[in-house]
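Residues annotated as active site, nucleophile in TrEMBL: Ser116. Positions annotated as active site, charge relay system by TrEMBL: Glu206, His276. According to TrEMBL, the feature domain 'LD-carboxypeptidase N-terminal' maps to 15-136. The domain 'LD-carboxypeptidase C-terminal' annotation in TrEMBL covers 176-291.
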Amino acid sequence: MDYIAPPPLHLGDTIGIMAPSSRIARDDIEASKTFLESKGYKVLVHPQTYLHADAEPATQYAGSVNDKLSALHDLARDAAVKAVIFATGGQRAMTLLDAIDYSLLATFPKIYMGFSDHTVLLNAIAANTGLVTYHGPTFKRTTKNPQIDFNLRFLEGREKSIPLHGATSFKHGNAKGKLFGGNLASLRSLTNTELSMADGGILFLEEIGEELSTIDRDLCALKRRGLLHRLSGLIFGQFTDMKDTGTPFGMGLSDIIAEHTAELDIPILANAPFGHDTDLYALPIGATVTLDANARVLTLA
């Protein structure tokens, strides 16, 4: 499938907000809205985003599946909305996948951006519409994202290369392919169709708060599915707050990566600047990119 980049964002455009995963507090909504408006954009917060913003006691619940689908479809068909940024991560984005009107999203192409739990949405939307989506800061994280100005320029089409400074080269070399991936745990939920970009693709992964044993199991599962051996490149981002409870696992993250990629003759980077830590560069899912593991840079092809 050929993937098409949505029209670029422009200053003065309207950015739509909805919450496909967990709830976002009202204070965070207002702070992020004010922040993006200060950058020169209009912000339309869909009413669904406010449904449980004031819940006491606070829970993760952000509304029913139908509430979320209606919000997503409303923003998709709104011609004034040029980009949709998901409110915050958390849980339950997966519940939307089988009921999204992908033909509607394809008919009105626009930017969709989020990360973490939104991994499933971003990859599914790309796979089912042929539309490039963006793994980048959520609405809530825009105020804390050191790369926000770069990311907005990237969405505006004014940046073509993404620096991966600080990354470690596990295996040197260059690769070209369609970029896909996101949160490692979330990838478990995707079908082979939704991961079809693996054929010659460049996979990127990040994670937070998981046991080292779980990381080991998940990478082993990807390998057993035949996914890793189909790649042309592999990028590990930030694996934040990894756990090793109980009897020590006996392997660190680097050991786990090295073991599961030993047979791969492709460029591999680790500790690239994206994930749940401070840094989070926007990455275009479905776009054809070149990876230079020596210079540590991704460039739109």
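Each Cβ is built from the backbone N, Cα and C atoms, and glycine gets one as well.
The helix, strand and coil residue counts that DSSP assigns across the domain 'LD-carboxypeptidase N-terminal' (15-136) are 57 helix, 22 strand, 43 coil. Assigned with DSSP, the residues of the domain 'LD-carboxypeptidase C-terminal' (176-291) fall into helix, strand and coil as follows: 32 helix, 35 strand, 49 coil. Computed over the domain 'LD-carboxypeptidase N-terminal' (15-136), the whole-number mean pLDDT of the model equals 97.
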